[in-house]
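Beneath this line is the structure, given in structure tokens, with notes to follow.
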């Protein structure tokens, strides 16, 4: 077989494959740029959402939790927690109660620390998590349970 496979053929395969995959890359980039405006909910971003993201970052929530698949996997995914915990009517009261109850002190379980957040900070965090739950992630991450 080595007699029929020449350097010229190897060069053609290399350059042809490079051009092919570069064109695939360009096509995927174009597709992403075209669909991105449909997937984002940037127009719904409020001051409360921005403040909630600051609370998220300042308390290093991503050090334990993941958000839309990014972050640590020590604690549950929070990208869809707004939907999992009942939506508009029940989410804020749930989050307030959950944050006040920490740490739960259940033996043998991971413990979330008490951050001593103000009512406003918890409300802002709730708005941030609500906003992230409305991003069209094309069903990513696949774990719906958190």
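Each residue, glycine too, has its Cβ placed from N, Cα and C.
Around residue 61 (heme c binding site), the C-beta neighbours below 8 angstroms that are at least 6 residues distant in the chain are 67, 71, 78. Among the features that Swiss-Prot reports, heme c binding site is placed at 61, 64, 65.
The transmembrane segment annotation in Swiss-Prot covers 13-29.
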_Near-site residues: heme c, ref 61, 64, 65, CB cutoff 8 A to centroid_ = 60, 62, 63, 66, 67, 71, 72, 74, 75, 78
*binding-site residues: 64, 65 - member with fewest neighbouring CB atoms within 10 Å*: 64
*Can you check what DSSP calls residue 64 (heme c binding site), collapsed to helix, strand or coil?*
coil
